[in-house]
Amino acid sequence: MIRFAPSPTGDMHIGNLRVAIFNYIEAKKRNERFLIRIEDTDIERNIEGKDQEILQILDTFGLQYDDVVYQSKNFSFHQNFAYKLLNEGKAFACFCTPQELEKEREQAKKEKRAYRYSGKCENITLDEASQRGEPFVVRIKKPTGTIEFDDIIKGHLAFEPNEVDSFVILRADARPTYNFACAVDDMLYDITLVIRGEDHVSNTPKQIHIRNLLGYDKKIEYAHLPIILNEEGKKMSKRDKASSVKWLLEEGFLPEAIANYLILLGNKTPKEIFTLDEAIAWFDLKNISKAPAKFDIEKLRFINRAHLQMMSEEELEKALGVDEGLGALAKIYLEEASTLKELNTKIDLVLHGKRENETFREEIETLRNLLKSMELPESFDEFKKELMQKSGLKGKKFFKPLRILLTGSEHGPELSELYPAIKNRIKEVIQ
């Protein structure tokens, strides 16, 4: 089984979405079940409704999953496994106060060294811990040897015992920590591959260590994706609007175009424009670059326009939420618009834009009055010829006011292109 494990603590960002897409693709390629595991153990930070929002986004992107589970439902399993390690002497009760630990951290900072747990409580026996009757956290004992694994993207990685350290697996209120819950759940659901961001690299040896001490011997593969940088070359954060999947969708980027771009980002692909189903056929995690990739909104706009151009007029009408027959108009405006939002603005201008211009006020009025009573011919050439004759206007004094009257704008596609698409609405829009 392959899993995508988001936390319901905020809006989904493009880094999360990329992880979801890659996990979905690998599940399809390997013919494995795709699990959504909502990691809701951080109760204080959970935001109500964010889990449903995440699932809705996955649906929007066509990432079909087989099951949804909540990590908090497995608390009893996490606790039992933690007490098992405690009873076997592979973990210990730690009574160190937050103040004591902070003092140790400050000391490490002064000495310019990485903080490591002092080991103060490591030799307290289970009997002694029980007799004290005080709250305690459970810490797993640090490994005795190097923890090594092969990352599909990063290659061979090794972590010394001190880097893994004796870390907390169960809080004083008996809730599991992130790493412990994650390691146990990957065992419970028989996860075979974990794809996630490289900010989790330091968590991986801890999770391997937990499973080793629990006697789990099934191999789990790992692939840690490099971070996505913003246009200034810094790590993308919530301050970057484009990092929010919700914002991208609201701006009129298509789910299929966003997916296309995220698969393309820092990857070797046989072509630039493709669908999710096409990517499943050739996608290979080994082709992902180890280096961070820079997010380029202009590149996304280019890809989005390509996907819009591939849509039929009917599909465009549905995506834009416009009346039947306006797909042809949308197709024409794709020469100068790259998103659904921009297309809607262009179409709205044609249908509802102000037909006013001080320079050509008289000409606009003349043309408007003629068009109200004129029977519109099929071809633009006939239309232009008849209107020129009836109005007595020509050149700039004809074409400029005609464009303003028909489109609500001084610039845009050729009127000969636009005419067939708006002919049936001309009398309506010039009012």
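In case you wondered, yes, glycine gets a Cβ from its N, Cα and C as well.
Small disclaimer: the values here were computed from a predicted structure and weren't measured.
According to Swiss-Prot, the protein has these features:
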- LYS238: ATP binding site (BINDING)
- 6-16: motif ''HIGH' region' (MOTIF)
- 235-239: motif ''KMSKS' region' (MOTIF)
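The DSSP secondary structure for LYS238 (ATP binding site) is coil.
Residue counts for the motif ''HIGH' region' (6-16) under DSSP (helix as H, G, I; strand as E, B; rest coil) come to 3 helix, 1 strand, 7 coil.
The Cβ of LYS238 (ATP binding site) lies under 8 Å from the Cβ of GLY10, ASP11, HIS13, SER244, each of which sits 6+ residues away along the same chain.
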